[in-house]
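Have a look at the structure below, then the notes.
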Amino acid sequence: MRVIVGVFLILSISAQNPLYKSLELFKRNQWQVNKVLKSQDQRFVGRMDEIEAAIIKQNDVIRHTMSQVDKLTKNSDESEEALNVAVGKIESLSSKLEESDAKFIAAAKEIQALKSKLESSELKVRLLEDRISDAEHADFSAQDGPETIKDIAVKAPASRIEKNPPVAVKAPKPEKVPVVQEKTDVPKQSAAKTPSKPVLVSGVPKADNEDDSSSGFAGLLSQLKERPTIAPTEAPKLIGDYDERGCAPIAQVSETAGGWVHTSWVDGGDDSSTSFNAFAYVPLPEFVPSDAKILMKFNGVASDIQVWQASPKRISSDGDLWLFTPTDFNVVKQNAGSTWKFNFIATVASSAPTMELSLCKNFDAPEVVEDTIMLLDYGIYENEKESAEESEEYDEDEIMLDYDLSTEEKPLDIISALGMVPAPKPANARPKPVSNFRPPIGAPIGSFNRPSTNRRVISGGRCSKPAGHAPVNPTQISANFTPSPVEELDVFQYDLNEVLHKSILFYEAQRAGKLPENNRVPWRGDSVLTDGCDIGVDLSGGWFDAGDHVKYTFPAAFTTTMLVWSILDYEDAYEAANELENALDQVRWKLEWLLAAHLSPNELVVMVGDPKADHGRWGPPETLKLRRPTYVVNQQKPGTEPAAETSAALAAGYLLFKTRDPEFAERCLTSSKQLLEFSDRNRQNYHKSVPEVTEFYKSWSGYEDELCWATAWVYKATGDVAYGRLARHYYDTFNCGKIEESFDWDKKQAGVQLLMAQITGEDKYRNDVNRHAVHLISRQATSRAGLLWFHKWGSLRIANNWGAFLLGASQIEPKLARAGEFALKGIEQLGYSLGDQGRSYVVGFGHNPPVRPHHRAASCPGGSSDCGNMLHSSKPNHWVLYGALVGGPDQNDRYYDKRSDYVMNEVAIDYNACYQYSAAALKHILING
């Protein structure tokens, strides 16, 4: 017991020792460590279990994959077997296809044979028609009997047209019909002038109701008489009876009679006074009184009247009654029995101005003191109140037009109503009042406040002087060209230097305005010097469109684009022909006019002249006295086609002159960009804004191709990526890669394809060019002698347009697979024009060229004001219109050199454009082997 107690005491004492405490702490820590290790072991075991489970799962996936691979291998074997079966079927089908090809070839031969028979039948029909036509005036008394259609022999078309006219085919003799002759007092006529007899053709059945008299024709008349008709309404009486003053009231009939406001604007912000642009429609009797005047009564006090075809005079103290006296009575007489229309501007103290018109004769107007500023002879003048000495002090007729694209617009208070700024006056000159003139319809008011460097300076009283001057000592043109080398003539027998030289001369013969000192056409003189005076702009230059004297911007801009393109692509050809400087002068003459026609960023002149009046006169332009109105498109009356086409021409002009005349080139590029924006932002067919062009140069295909064309040219000129994106976008959006029925001033798709292929070199555009060219050489209709054919109007024009495209396509690098074929077909069109068919179709060139082209100036003797007798004359033209390509033959290759036949003998600036391009392209090919 004592031992146990002793041990207990010893242990109790030891418990208070530090060593003991450390031992206890170590034991507790060891327990904690063991606990942590045990927990980690548990987690490790769990993780190992998870990894093992994942490995098992992955093994399952691998086994499944291997199973799928085995299946795929098996399927592959099956597919290989199926493929072998398919190959066998394809070989079988190929064999059958070869058999089908053989049958197809045989069928094609049969079709060709049938086609030949059909053509033979068509020729027989045409010959028979000719016989029937000849038979109408033939004497059948000496004929033996009727021929049948089977008796007409058909010969293969000759490779060259014979010099002599075709031999007339003997007309068939009609069946004998008893004819009852009646007595008549009419003298007996020769057989050649007897009325035509009915011609009976064997094999053609006679209608049941048709006898040998004129009952068939009577039946037709009966049908016409019985056709449904609309009862006519009584036409309103346009002019009343003359009253005691000698005035007859004129009715108010829209666009027929009376005075009609066209556009109006509030003057100075006060709606109690309105300024307006109006038309007066004056119906005239068959015999117009020599002192005829127009009395106009307004519904308020009228002032600031400006008129271009009459002289206004206020005849009432109230200012509401005005008398208009025609300034050119010949114009009035020309409208006898019709309507004389004139334009005027006025301000009337009324919110809704109206006017009443009367036609007066023997009218004594009371004298009223007035102080009126008028626009007369297209210039701004004040009534003559100042002395001659003061007039000499400063020439009010000297006007400079303010515009600089690189400067900001000037304040309106220093710009006159025309956008004009008078030339600097001498220090002692007394200032004159500024006219309130507003431009006429077609030249909107606001547009003249925009500057434009393109407006030419008007000086020297141009608008009050004669419009033209007949040439002094007119003589024939002296063609002086450098002959082509013999090596070229051995390949192509026509002298291309002569072709280029004379084509350029043709454009010089078409020049309007004041001719330059180096004029090479001595039978032409200054002409239409007052063009543009009606809107205060000098538009006297440019080219006449054809054998008439109208200026159309749309086809002229296309012509310029193609001519410039030919120089850009084939400058070496012009250089080798020694014609480069002449070609540069040729296109610059028109580029200058296009710049002048671009009045402001959103205005473009689209036509100068009255086409119908112009076509009614046959005489030279130097003595032209017809009214020549100016037609303008703008934001209110847009015209996308001519604006976009002019943009293209000016962009091309920039490329041509950017190193030769940088300042001029920059003007071209600036206007080109502005016109592209104007045409794109204001999309509308221009014939809707200017309906006067509808019968002559309406764009039948729409404006989409012109937008493709213009954006492509501006892209080529600038290299700007933004224009490139736009050109590509429009190409796709407007389907400009399609094959169109023609390539001309109206349809640009072929040109767009070629231009985009040249610019980008991309397969997309190259493929479109190739597809279009292949179509032309393999599927396009042709004449019997191989002329590419579209329609009879200007057949050579279209053929040479396509020829230019084909020659351009043949020069794309790298070369297209069938480039040689394209070039050959294009050359064939040029060769046809120059004489491959036995005669030339170019005036003054080659063998048997046309001598009666439909051209007024060339047909009239020098100085003659009117030579209308020449239109139907068989005499050759007085002057040789060197280089002009005539319209051309029909689809049977028949051509008649007859001046009045304008379908075959029309000449025009766009006819020669692609023809000249083709000549330059071929010259380039010959130079470069």
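Glycine is treated like the rest: Cβ placed from N, Cα and C.
Remember, TrEMBL labels are computer predictions, not curated facts.
The region 'Disordered' annotation in TrEMBL falls on one of the ranges 426-449, 618-641, 834-857, namely 426-449. Between the C-alpha atoms of Asp897 (active site) and Glu906 (active site), the distance comes to 11 Å. For the active-site residues Asp897, Glu906, the largest tally of other C-beta atoms within 10 A is found at Glu906.
Mean model confidence of the coiled coil (111-138) amounts to 57 (pLDDT, 0 to 100 scale).
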